[in-house]
Amino acid sequence: MSKVKKQPKIEALQNVDITFTNVSYVYSPKTPYEYTSLQDINVVIKPGKITAIIGSTGSGKSTLIQHINGLLIPTTGVVDTNGFIIKAKQKRIKNIKQLRKSIGLVFQFPEYQLFEETIEKDIMFGPVHLGETKEVARENAKKYLEMVGLPLNYLERSPFDLSGGQKRRVAIAGILAMEGNTLILDEPTAGLDPEGEEDFIKLFQRINKEQNKRIILVTHNMDHVLEIADEVIALKEGRVFKVGSPFEIFKDKNLLQELLIEPPKIYHLIYQLQEKGLDLTNVNIRTIDQLAKKIIEHKEQKRKG
């Protein structure tokens, strides 16, 4: 009789890939409403990186990320998610709390999920529910409230007294307080003003750099993808269409047209420069300052002959 494989501890998961092998997912199978959302997905999401998942509406982005922490079970194929193996049509996932603790999922508009009477209790809820002691959860509430940019005197306030952006920070602090190695963000800047968007993007970068936390970002905002992503997974009609760096994705105008995706604003300028004879599509440019520097360098070279 074979021994049951022990599931890994979170602290041992810092360098573990998330792997999809031949994964498909069908909603409402064998009913008139049957719909195939994912088809034959084979992809690896590396640890310690920021990976963006892009695609037009209905391409399967949200379905894909819900397989990562076991909210959905694949119809076919296998998901190795942080060392937890989830197979097609599996009835239950062993040690599901351990999996959920290792992978935090922040849904779109997470502020609507706040419900406790104080911010401290809201941040503590997830860790305590997943087995953490109240003492440790209370200390982590302080730590992660400060990390998301809110002062400690907010702990005793009601979350319902906060602005929309502040509520979102509290919701993210609650996910971070579970201290997993992976943070999944589904349209995390939706509904925010430009300043609020930029604040959150910088926060995600800081979390990635300071904690070596894997971040998986689902977004329609290609400016954000260009700004922070190490790798991009592009989906089309439930299939992986292309995997590459943001530069490999955005330099290909035909690819973006097939995906029905608008390029980042900087790449609109890069395409215009290309039409005028200055091809910068093979240069890794993330910011307008980097673009300006390359244009100046080109002019200097041209002047010198």
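Any Cβ shown, glycine's included, is placed from N, Cα and C.
If you look up Swiss-Prot, you'll see 13-262 marked as domain 'ABC transporter', on the strength of sequence analysis. Annotation source Swiss-Prot lists ATP binding site at GLY55, SER56, THR57, GLY58, SER59, GLY60, LYS61, SER62.
Residue with the densest Cβ environment among the binding-site residues SER59, SER62: SER59, by other Cβ atoms within 10 Å.
Mean predicted confidence for the domain 'ABC transporter' (13-262): the pLDDT average there is 93. For LYS61 (ATP binding site), the same-chain residues 6+ apart in sequence whose C-beta sits under 8 angstroms from its C-beta are ILE53, ILE54, GLY55, ASP186, VAL218, LEU235. Listed in chain order, the residues near the ATP site other than GLY55, SER56, THR57, GLY58, SER59, GLY60, LYS61, SER62 are LEU235, each with its Cβ within 8 Å of the site Cβ centroid. Other Cβ atoms within 10 Å of the Cβ of GLY55 (ATP binding site), summed over all protein chains shown, number 23. Annotation for the binding-site residues SER56, THR57: lowest Cβ count within 10 Å of the residue's own Cβ, THR57. The most densely surrounded of the binding-site residues GLY58, GLY60, judged by C-beta neighbours within 10 angstroms, is GLY60. For the recorded site, LYS61 (ATP binding site), the DSSP three-state label reads helix.
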